[in-house]
Amino acid sequence: MSVGILILIVLGLALLGYFVGRQRALSKAANEGRKLHSLPSYYGQFLALFTAVPALILLAAWLFVQPMLIESHVSGLIPDSAIPEGGARSLVMSDVRRIADGLDALMEQGGLGEEDLTRMRADLTNIRSRLAEVGIALGSNVPVEVFDAAKTYRSEKNTGSLLMTIAVLGLSLASGGWAFMRIRPELRARNNSETFVKALLLGSSLVAILTTVGIVGSLLFETFHFFQIYPAKDFFFSTVWNPQFRGGSDLGILPLLWGTFYVSFVALVVAVPIGLMIAIYLSEYAGRALRNLAKPAIEVLAGIPTIVYGLFALITVGPFLRDWIAQPMGLGTSSSSVLTAGLVMGIMLIPFVSSLSDDIINAVPQAMRDGSYGLGATQSETIRQVILPAALPGVVGAILLAASRAIGETMIVVLGAGAAARLGLNPFDAMTTVTVKIVSQLTGDTEFASPETLVAFALGLTLFVFTLGLNVLALYIVRKYREQYE
Amino acid sequence: MNQMTEVEQKAVEMLNEPKIVARNVQVYYGDTHAIKDVDVDIPAQSVTAFIGPSGCGKSTFLRTLNRMNDTIDICRVEGDILIDGEDVYDPKVDPVQLRAKVGMVFQKPNPFPKSIYDNVAYGPRIHGLSRNKTELDEIVTSSLQKAGLWDEVKDRLDAPGTGLSGGQQQRLCIARAIAVNPEIILMDEPCSALDPIATAKVEELIDELRENYTIVIVTHSMQQAARVSQRTAFFHLGVLVEEGPTEDIFTNPHDKRTQDYITGRFG
């Protein structure tokens, strides 16, 4: 039975359980002449949850564990002699899986019976051509051991899924039945349902946290591999970035970090003053009608896909800067430049700064403004000397969040600043950033064993450490600020 | 000698001339008519208390005197409010200058998140009241002395103003108002967030400040009005019910509503 149908059956049982539980609670209460502790629907929920949740958890666990068990068993069946020269066991195993799938397909389409299959032997039948009939192409003829392994794989998989169906349905009925027996008027079904909600919410937050841990873990693992084959000293301190896919590359991170910080710096120089002034205008000067119109309009900027910004940089800003500024001043002839990417990225960041700062400035208590106006200060004096100092920590937090966004930006840089790793000061030169190089190292037909590809993980980890640091700093500052007024 | 010299007569007239004159004042919040037909004279160098139940409009009226209501979009003021004979709502009057002349202390102490020194120096700096650091130091010192806070804070002028206790913060706000050298100080329930001991200190201070400033205080507490004020005005539902010397209001009210309020029947 397929997993989808199994899930549907369990959910159907749960739905049935809902009505049964509700009915049982009502009739028990009527028989015993007692008042129900909770509303009748909670008893229904109680039974439904106990029918579905343990069974679904078992199903998930089974689906996770079964393939691992079968794989390890079957791969033990394949003797070393069956593994071709220079190949890997994992490659043979993927053949095994495909043959097993092919056999299933054959049984469906080709009228192959279970008995025919047991009689089928790799040395007598032409497996390759039969599998080709159902669309499974194999590179070579199938060795006997591999075919036998595939047969074992297939039969174990079928037994496994049969067992799984029985276990899941059995657990569903058993725990549902147990819950059914427990339904009495004094059962605190409402509290049980509350516990479940709590567990659900906790589970959701765990998903987010575990994903972060998983990402960091995989980065760390691959970075460790990289540093085993490439010296860390060269990576962190070399000023040359020159990957060669034939080997012997220079993989110094410094030019990339420099490009990242240069572009981000230009972006922040654009975004911070404009964003702050927008925030001040919106929160202090603009009327309500204008504010309600302007704030969403500015936030639209944040919703534009970065690739669109990239196009804008590539076809509008870049040529403009080159033709009107860089060339007349003799500073460069490249349309991709740090300035192009920085300017466009700055525009993208404006709403990050303005929106957050606006909220923060609004959070400064009205009493501060009153106090200042009451002393005869004008609006701009009040803003400069009272409101901005009071909002400063929060504004700094907003700026740091924008900075971490700038550091991680890729598309605008690819199209705006080019791909040349360079250490230089001229803002009209093409440069590149860490993120761009991660993309370019991983695109194309490459295997994950050479330093040229593994370096992407070391770059990613470095970037992650930087942005994580900025985010932690930003959160720390914002939190410290909040304590001031609460 | 019954006849006074001309100069003396002028002086008496000036003393008698009320500092603030309000005639036929109406205040609207959008469609709500918050203050109706208020006529009141507030004499100089004295404390005038506005009392009345919550929502009666006494704070609203107070805030019309230095045009703090200008910051609220939907608020509209009609009628005449004259300070020293000048119409406060005349288009020629700059509300910013007006507020330097008519200082304000608020219900909740609201020191700026700056040092004690910078809190007091804020007004003088904006208005350019000092030419150099020494003069500014002098203004800060004397303002803190007048507010009775100097002895408590003289060793920690660089500490943040928000770190003081509630009563100290309120006296800091009074010092901040005094530093601009105003003629009138408006106080909007200055003690409602303070404990009894801090309240007593602030009341004592108000009594001392009377010598140099015209003070208008809004208060919930009738005892406070009786203790600190020379004149009292009773507001009810946006109307000025009765106004006169504090003693008269508390011992011999003319209006039934005033009597009900001060004897505790409502409010």
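One-based numbering along the chain as shown.
Note that Cβ sites are derived from N, Cα and C of the backbone, with glycine treated the same way.
Straight from TrEMBL, the features:
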- A:257-474: domain 'ABC transmembrane type-1' (DOMAIN)
- A:6-21: transmembrane segment (TRANSMEM)
- A:42-65: transmembrane segment (TRANSMEM)
- A:161-180: transmembrane segment (TRANSMEM)
- A:200-221: transmembrane segment (TRANSMEM)
- A:256-280: transmembrane segment (TRANSMEM)
- A:300-321: transmembrane segment (TRANSMEM)
- A:341-365: transmembrane segment (TRANSMEM)
- A:386-407: transmembrane segment (TRANSMEM)
- A:454-478: transmembrane segment (TRANSMEM)
Using Cβ atoms only, state whether the transmembrane segment (A:386-407) and the transmembrane segment (A:161-180) have three or more pairs under 8 Å that are 6 or more apart in sequence.
-> no
Quick one: do the transmembrane segment (A:161-180) and the transmembrane segment (A:200-221) have at least 3 Cβ pairs under 8 Å, skipping pairs fewer than 6 apart in sequence?
-> no
Interface check, the transmembrane segment (A:300-321) with the transmembrane segment (A:256-280), three or more C-beta pairs under 8 A = no
Stretch winning on C-beta pairs under 8 A with the transmembrane segment (A:256-280) (pool: A:6-21, A:42-65, A:341-365) is A:341-365
Under 8 Å Cβ-Cβ from the transmembrane segment (A:454-478), and at least six residues away from its ends along the same chain, one finds 216, 219-220, 222-223, 225-227, 229-230, 235, 243, 251, 253, 256-257, 260, 393-394, 396-398, 400-401, 403-404, 407-408, 434-435, 437-438, 441-442, 448
